[in-house]
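One structure is given below, encoded as structure tokens.
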Amino acid sequence: MFTLNNQLEMKKITVSSLISCIYLPSIVTVISYKGLLYTVGNGSSFYILVLIFVAEILKAFYLSESNNEAQQKRSKPGKSRASDIVKSFIFLLCVMFCFFVGIILFGAPVLESHEETLMLSALLTLLTVFPLIAHAGVETSMQLLFGVKSYTKDSIFEMLVNNSILTVCGAWLGAVVIPLDWNTPWQQWPIPCYLGALGGYLLSNATNCRRTCLGTCRLRVAATSRSVLRRRTRLYSDIYVSQNRFRVLARETELPATSV
Amino acid sequence: MLSTLQHRWTGFYLLLMALAALSLFLYGYFPIKYHTGQISRRNHLPTSINGVPIDGQQVYNPGETSVILMVIDGLRYDFVTEEYMPFTGQLLKNKSACVYVSVAEPPTVTMPRIKSPERKVEKAQWRRTINFWRDIFAMMTGSISTFADVALNFGAPAVTGDSVLRVAQSRKKKSVMYGDDTWLRLFPGMWAESDGTTSFYVTDYTEVDNNVTRHLDKVLTPDEKNKPTFDFLVFHYLGLDHIGHLEGARSPKIKPKLIEMDEVVKKIYKEMSKWDRTGVLFVCGDHGMRDAGGHGGASSSEVLVPLVVAKTNDYLCPYDNGRGPYVAQVDLAPSIAWLLDSPIPGDSTGRVLPSLLPRDTLQQLYLLHYVAAHNARAVALQLGQTPKEKEFYKQYERAQAQFAHYLTTKQESAAKIAKEFYEQALTEMSKYLTESTVEFDMFAIVSALVVLYAVTVALVCVTLYSLQTEERRRHSVTRHLHRRTQAGALVAFVIVLCVALFTLTVACAISESKSNLCSYDPNWIPVFIAIAAGLTFTFFLIKTAIENDFDLNVLKDLNAIDYLLIGGTVFHAWSFLGTSFIEEEHMTWYFFWNTLMFFVLIRTVVVVVMYLSKKLLGATEVQEKPHLEERMSAGISIMPKWVALIALHRYLRTMNQTGDRWLFLPDTADWLNAPENSDYLQAHVIVGTLLTAVICLRNVKFTNNSMYLQSLLTILSTICIFCYRLASKSVDPTATFIDIQSWDTVDIVNVFWALLIIQTMLEISSFIGLLKPFTGKAGHPNFEPVNNKQFVYIKPKAKTEDYVYGTDDDEPFNCSEVKMNLACSLTHLMYNHMMLIIILLMRPHNVIMVPSIYVTCQLTSECLDHKLLDSRPGRKTEALDVLSRTLAHIWIGYVFFFYQGNSNSLASVDLSAGYVGLRDYCAARVALRMGLHAHAAPAHAGAALLAAAARGRHYTSVSLGSAGCGGLRDYCAARVALRMGLHAHAAAARGRHYQRYLKSLWQISNILALQRVYQVCVYAAIATAFRHHLFVWTVFSPKLLYDFVATVFTAQALFTIVNIILVTNWTNVVAKAVATKSRL
């Protein structure tokens, strides 16, 4: 789905995906152990959302804090921080409302169980748009969402967008089990969709992890070849030639230009 | 065969083949029921055995007897023990009663969970009736019912044939019923006294039984002669089943309930003993229950039910502990009939319960003989001849000989032998009769499946072939043109036909099938050959298609929405693997449809936002490419409409709850039908009808010659519809129209039909040129017929003086243009008529569906345009447009089919629509109306698709700005061209248009046929795999019937296209004749 540009991004992606892969299953395990799994649609399960919120915001801090200095310089300090927060809050509310309306148009009950639908839309917002905003701010994420800006350059964005798409797909697929006549408690609205969204998010993060691990192997191979090259270059007296050759080799071993 | 592959109507022919195959499948799947329908009379009793006379009337008489049948719903076999039912257990122990094991047909009961309005109670009642149907039917008629019985009776589920109750009534016996009112509905008019209870509220398990028990004392009290006041009494207790549903078989409430039942048994037995008449008590359950509660499975606790027999006089149970062997439910009917001194019901296939057989040898033998003779006659009727070679028949004849011997010599040994022979013969006969009624004809099923499969593959080939681009097809034609001569093809066909016939014969021989197909009966040989011929035909079709390797470059341009459409259609057929997905098929379609709508929404939003941002940023791309701008503005104008459409669909979705699980939730239709909301309902009716009228008037524009007249007629028919609504009191009249209410609806509807027919005749005759007064200047070549939308035959080279008329038929007149126009106007007229008829048939709250379908089709066609959604311009996407449009229209049809309140259950068939404008019952007309009403949405969507194809907007007008009037603009272009005297050019353009129209018709009909046959093929395979499934009656079989009807309607739709083209051609021929004659 995406290519890894450098080790730093890769590390961030791995760590944040790993965090998601750990904290989400733990939450689900704990609540199912407590026997609260079938209450996820109620307002009483708000704490799950809070937990996810905290985790996501921590992840977002982690993703953006070690960004290179250029971005830190660009972001304006102080005053605009508060307005940013307000803006993103309003944007999040709008997105949540859109989800709410969309879910109802998709077939959720119109006149009742608003609470459940609201919880589901809040969860979807938290898992899809919120990480994007926390990472990139409102404008960029809007541009990303509407496909104005392409995100092929930045693998973190790519990961976030992939996460969102899979989350929505998970919620969408979760609805499949609702009409079955098994009469199980977890077929209640919105539990299948809620769990489906969590599952989709988890799946996305798991694939991220797997991909980055494979990527690590590839990078490690690249790194060894690089050190071999360095040793060889010392043998050449003409540095210029060796550098040229290095570049050619680097291209051959698919090393990204930035890491050279 | 290549010509066949390219033939325009190959899809149609293949669909007809599939329809035939499906009929064969249904024949095999629904075992033919040999309901002779014969009514038995008392003088049918045999009067001689092998020539030895016997006084049947006297011997048969069992003495004065009263029979009590006590049905306890949910009583399972292990409940009849001393632990649960002490008194009954006691009776069994001292052998004054017997308990048999009878195997119940697995039921499928769905109980409504909440209170529901009256409208739905009917549906639920129907479901319940089906569930009781089999048990009661088996017990009372003595024959096993098939699905055909239910399906053919779904209007009035009353038993029409012979039954215990009918024979009892004919013998002037008095039947009394207390309990579930299903009995009353199954056997109306048979009861001397009755009190039916409705069993809707599952939470009620006391009242429902008290309603039965309160009659107990009164009815059991004998009259002054110490004889009971009835001859046959039925009690039906529901409480036990309700507890089972609520709390399961281990509930603490079960035991008190069973003790209560036991008390009833005790009371009846004690009372019976006091009578001066023999009393017989049957206690039975109709199904068991699971430990966890509920039922619907086939586990032994659910299907094994007890049948307790207790008799007051002269009775000793011959079994240890009173535990008898397995018996069939159908054995109850002849037993009761005999006890009531009545003849055995005509269709009975059972035998008298062994422990009830009289002690007296003569009577016993006579009874056995009577039942055996009856069953032998049933077998003979079924086979069409006396089954002389069957072993059981020989046994029966031997028994008869022994009986005759006994009658003359009174030898006990002969009686013993006779009894043994009779019993053997009876066992075999019952087995044979049961098997022949429930056995599937697997050979027919499998051969039908093979044909269906072959047809599907052939249709895939034909469809892919038709989707190829033009050049490629031409190329392949030239390559293969002279490959095989006609004679060679014929020889090849005959050879393959022989191979197919041989294979079928071998298959028959190997499978040793008893099927009629393998009987080589003269009536069935044509079917046999037809199967082989069908297989051969498809074989050659597929072979030719594969030899012409496909060029599927077109399919590389599929976008995400196309993939969704194709994937959804393909997946939908396989979703039937789950019974819930059949019952809740509407969920699948809603899901798909919503996904499609959101896909389209997101795509339009993305397109619009991208464009806006580019414009804001001042990108040069925007200024340079004006067609981009056009696309964007179209996208912007569509978006709000599309959002409104999504909201509209959400509303329509709440209109009718359908399916099974959520059927009982209140919906908008309930709210509208409530008396206090009648204003809103009327608003729905009026808005729906007016909108339809407006749409019709818009469509009338596409009829060419006599637009004003046509508009007038359309308005008149709309007025007719309003009058009908007024007369049928679904709309309240204002003061001025109050007298309309007294009009006769039938007359109004007749006027309506007349108007529609006049419209069609008018249109055709105006094209022939017969209606010059109306069409004004038309028909004369020297006038310029271009002031309005009139249309005439024009000679392109009129000014060439030396032109010879009539030498070359196609040259002098603009035939293709005429044909195109006629096809267009006929299609639109058909579309209009269909909408008006549907409006007439629809329930008031559903009228709004008709304009909604129109709007949906219109908007979807716009949004699915590949030129709008794909950013790459300059592709040839015509074939793809046809593909996605056709699939989308199929989807729309399905979605509205379910919005309208239909489901895959027979309960949702609206019977009232069948009688609109009819005075008396006429099977064909009622069936047509009901069919059209049920399949209104698919038919309407299909007609919309055809009309769009005829308008040909998406072939001619690339620009999207003029959404609705693209076709008109195109037409204007033609007009202008005409006015400028560029006749030849315009005609040529229209002619090309006609060719394109024919091509798109070809593709559309192929896709429609493919979708239908594919779904039927997959579903038939699934239904075959699940033929022993529990829900085969309630879920699989109704869906098969629905599929059959849908296939018939698809065939009808394609037939209509064929007809329109044919009428166009004929009209053209006639018109040419008329035009030439008038000129000469």
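Keep in mind that glycine also has a Cβ here, set from the backbone N, Cα and C atoms.
No curator has checked TrEMBL annotations; they are predicted automatically.
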Given ranges B:751-771, B:835-855, B:1003-1023, the stretch to which TrEMBL attaches the annotation transmembrane segment: B:751-771
Stretch among B:442-467, B:588-612, B:751-771, B:1048-1071 sharing the most Cβ pairs under 8 Å with the transmembrane segment (B:707-727): B:751-771
Contacting positions for the transmembrane segment (B:524-542) when only residues 6+ beyond its ends and CB under 8 Å are counted: 1, 4-5, 10, 14, 17, 20-21, 24, 447, 450-451, 454-455, 457-458, 461-462, 492-493, 496-497, 500-501, 504, 516-517
In contact by Cβ distance (the transmembrane segment (B:442-467), the transmembrane segment (B:488-512); 3 or more pairs under 8 Å): yes
Selection from B:12-30, B:442-467, B:563-582, B:588-612, B:751-771, the stretch that has most Cβ pairs under 8 A to the transmembrane segment (B:1048-1071): B:12-30
